[in-house]
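Visitor: Dropping a structure here in structure tokens format, bear with me for questions.
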Amino acid sequence: MSFKPSDLRIGVLGGGQLGKMLAQEASKLDIELTFLDKSKDFPAGKVSPLFVEGDFNDYDTVMRFGKNYDIITIEIEHVNLQALFDLERSGKKVFPQPHILQMIQDKGLQKQYFLEHGYPTAPFLLIHDAQEIQLKMDEGSINYPFVQKTRTGGYDGKGVSIIKNKSNLDLLLPGPSVIEQLADIQTEISIIAVRNSQGECKTYPGVSMDFHPTANLVEFLNCPAGLSAELESQAESLAFRLANELGIVGLLAVEMFVNKDGTIWINEMAPRPHNSGHHTLDNGATSQFANHIRAISGLPLGDTHGDRAAIMINLIGEKDYSGPVRYQGMESCLELDGVHIHLYGKLETKPFRKMGHITLTGIDLDECRRKANFVSNTIKVIS
């Protein structure tokens, strides 16, 4: 069987940093991606000349775009779903499949899927609005502390509110949401599964995530996760089972809580390249981006196990700066070995905006942590 890259006409909804890294990895196989997003100045436009300006939430725009490609994929969940269903019905290959994306777009449907299919997850209530939360609190079915998650539209820490006591009630979010009791968490982990159109499925080793105290974004990501062999196996099995039961083609990132009592709860899923897999660009594995391209193209999957430890740091805008971006301390960081800097090409910074990431690699996590501590205290995203 021969491989002809020019036969693969792939369109991508979204042109952000995930799209940029997809394009960079696809180019290694001479596969060209065309992106749909609002501006060619977005990160993917910096590396791909094939960029269509338009709104991926608009039905007609997505239909016109999709008709030009044999395979359509996404780098963001919040796209026009009806257009993807109609493109699939017309014979286009849409990955992830629209019926899977429909469920994952809604955190309430995700939770119901976990419950109905026997996956461990935190107890939850589905709520229509903030007024209903108040009523449930009066009834005693919701108690402090609890977490509110909007059912749709949340990303990068947005759409999540932690209500610890009465003084936090002004943080309640409007609209339909999922309510969970605040879990007694030991650590948060992520497992990324990848599955191709032939049904071959692999998982990446788990990573643990340390979150920014105010931005609700991953600040440090650690690989390996430091779990016991039993917990690592259990977590990987859950992600593997989910990917295969869903029948997804492409990536599936599965975020989980490891509780202090030793149980694992699935938190949520993302059917695309994920922040918790960025280190795979530099740790010796076939990157998540390369494997996503392989998966949707019907190619064999690459090795998911790297040969070195890694810590990933998100480069986010400092809280008091907005405007044209500058990176303070970059030169000092580049003097270290095993420092891999990825800037996304965003022209403007603002508080807590993701502007890039840095992966620190080494023989073990202790070595990576020493580098990570230096880098995180040295480099600043300012204007």
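All positions are counted from 1 along the displayed chain.
Cβ coordinates come from backbone N, Cα and C, glycine included.
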Visitor: Among LYS136, LYS149, LYS158, which residue does TrEMBL name as a further ATP binder in the site formed by LYS107, GLU188, ASN267, GLU268?
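Guide: Given LYS107, GLU188, ASN267, GLU268 bind ATP in TrEMBL, the matching entry from LYS136, LYS149, LYS158 is LYS149.
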Visitor: Would you mind giving the whole-number mean pLDDT across the domain 'ATP-grasp' (111-297)?
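Guide: Looking only at the domain 'ATP-grasp' (111-297), pLDDT averages out to 94.
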Visitor: For the binding-site residues listed here (LYS107, LYS149), which one has the lowest count of neighbouring CB atoms within 10 Å of its own CB?
Guide: LYS149
Visitor: Are there residues of the same chain, six or more positions away from ASN267 (ATP binding site), whose CB falls under 8 angstroms from its CB, and which are they?
Guide: THR121, ALA122, GLU188, GLU255, MET256, PHE257
Visitor: Sort GLU188 (ATP binding site) into helix, strand or coil using the DSSP assignment.
Guide: strand
Visitor: Count the other Cβ atoms sitting within 10 Å of the Cβ of GLU268 (ATP binding site), across every protein chain shown.
Guide: 17
